[in-house]
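Data block below; observations after.
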Amino acid sequence: MRLPLAVLVSFSVVFGSCSPAPDPDPEQNRLTFFEHLGHTGLKFNWRNLTCPTCKALFVILDIALLSDTNEEHVARTAGEVCIRLHLAEERVCRSITELFRDDFIRALQRSLLLPREACALLVGPSCGKYDIYAPWNVTLPDIPKPPVTPPSPPKPGSPQSRILFLTDVHWDQEYTAGTTADCKEPLCCRKDSGFPSWRRREAGYWGTYGKCDLPLRTVENLLENVAAAGAWDWVYWTGDIPAHNIWSQTRTQQLSELTVISRLIHKHLGPKVKVYPAVGNHESTPVNSFPPPFIHGNRSSSWLYNSMAEEWSPWLSEQAVTTLRHGGFYTMEIQPGLRVVSLNMNFCAPENFWLLVNSTDPADQLQWLVHVLQESELKGEKVHIIGHIPPGLCLSSWSWNYYHIVNRYESTVTGQFFGHTHMDEFEMFFDEADKTRPFGVAFIAPSITTYVDLNPGYRVYYVDGNYKGSSRLVLDHETYILNLTEANHSPGSGKPVQDPKWELLYRAREAYALPSLFPADLDTLIQTFVKDDRFFQKFWYFKHKGHVSEPCKDACKTTEICLLRSGLQEDLGKCTGHHGFVKKLIRSTRKIVC
């Protein structure tokens, strides 16, 4: 779900979430988004606006923003609207409008958005035409795609690489055990959340099921456990360090948390273990604010990228640090024959309001990706792609181009690894020519944080290892959790366990009786979910890291299976034909404050 914001910030969410896909259905996209708003608690409905009123509002806004003196009035008005429409608590409304004001207004001033385009998007096509995120294409080299050889399992006894995967830490400095886990604000279990009264839950020592993030001690306990469970060949870490208190964050706080967590990982895993990080959407403040590199000065992301470069330089090459400073992405050789590409998925995020200025391949990242993959193909390298936001949740044109690229280089891209949803799931990729042939899978790993109603967790991947002719494909994976019910209440005393152990929740191949985790096998697994409900309910339980209140049946199940087959944003729209799609999409599958 998306955090209820003030009206100005709501504009950015709207414009970032309703982009037309190739061959779009604009009215369906619009209706889907408005139903989405209804389920996130937003009381205000843009469909209540008439076309003339909408255009008048945007004309007034454009005129008001011509003068810097009016920015304060616009922000104050937005805060009042947020309060009166009960979009959030008063303190949150006032804080978030102040925090988002400057960046959002600068982005809006630099955008080419016209009132008729905005209102066509908000009210409907009868009010005008919108093509803010019109389709665009990256250029692929005029080199034929090599013949595709179906993958085969490695010979018994072949080397394997053991990879630790960490994502969505969401450390909350204000987490306080004993406070209420059922507060009115978007994030609870904090110093200012108050203390629980009768029938209200309280924050546990190691974490809490609810709208709560994690205390630092739980993050440290995780790192102590994974250090003891080594050795690790390397680590993928796909971001989101700060907590979900997005209305009260500062750059100083974000950088401090980046430093603390980066150094803790280095301390516990040791200097010999390479860590390959990716940028999450919560690293910036305001959240999701990632301007393209042509935005300079104080509004740029250099404050963040430069600090990342300093903290991550022990793990990264000089060339990787250079592109990280430029746009938050990089590539590195992990081993001879294997390369990692770390993408800045914020340049595809619907919530990144800076894409109002220009959403066409921001930072030329995808064109750069094509160049990297072509070079790797010529050298016979295999490539793993890591990033925070899964490609199926991206802007439609970005998502389509990414899909097109990995389809072209399917013999080179042998692993895709993401986080962000906090759930344990995956997205399938099917050949563009033969839509029944699965060629890839994006693995989506569970979060370290509990947000929302989850056990803390992490992932281990087993990949075809370092030897000549290795496929470098994922062979198996394991998910580990910290069972909060047991960790917070030791048998007998009822007090927190002093040194809780993270336990294995499941091994994928064993749990699903699979010969491998190759795309064809996971496609077969999805078909098994359709036929055998026991297997699907097992997936549903694992998806929520062993903490789920009710089974997923009927329309919920149909939607979940549809989503698993959707590595392309455009395909998500095909799931909307199922009853209850948006409700389950927001409540169960995309339960994230972006």
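Glycine too: its Cβ is placed from the backbone N, Cα and C atoms.
TrEMBL annotations: computationally assigned, not manually curated.
Taken from TrEMBL, the feature signal peptide covers 1-20. Residues or ranges marked as domain 'Saposin B-type' in TrEMBL: 47-131. Per TrEMBL, disulfide bond is recorded for Cys51-Cys127, Cys54-Cys119, Cys82-Cys93, Cys183-Cys188, Cys189-Cys212, Cys348-Cys394, Cys552-Cys556. TrEMBL lists Asp168, His170, Asp240, His422 with the feature Zn(2+) 1 binding site. TrEMBL lists Asp240, Asn281, His388, His420 with the feature Zn(2+) 2 binding site.
Taking CA atoms as the reference points, Cys188 (disulfide bond) and Cys212 (disulfide bond) are 5 Å apart. On a Cα basis, Cys394 (disulfide bond) lies 27 Å away from Cys93 (disulfide bond). If you compare Cα positions, His420 (Zn(2+) 2 binding site) sits closest to Cys552 out of the disulfide-bonded residues Cys119, Cys183, Cys552. Cα to Cα, Cys212 (disulfide bond) and His170 (Zn(2+) 1 binding site) are separated by 9 Å. Counting in whole angstrom, His422 (Zn(2+) 1 binding site) lies 18 from Cys556 (disulfide bond) by their C-alpha atoms. Across the structure, Cys394 (disulfide bond) and His388 (Zn(2+) 2 binding site) place their CA atoms 11 angstrom apart. A gap of 36 Å separates the Cα atoms of Cys127 (disulfide bond) and His388 (Zn(2+) 2 binding site). Cys51 (disulfide bond) sits 37 Å from His388 (Zn(2+) 2 binding site), taking the CA atoms of both as reference points.
Other residues of the chain with a Cβ within 8 Å of the Cβ centroid of Asp240, Asn281, His388, His420, the Zn(2+) 2 site, are Thr167, Asp168, Thr238, Gly239, Gly280, His282, Met345, Asn346, Ile389, Gly419.
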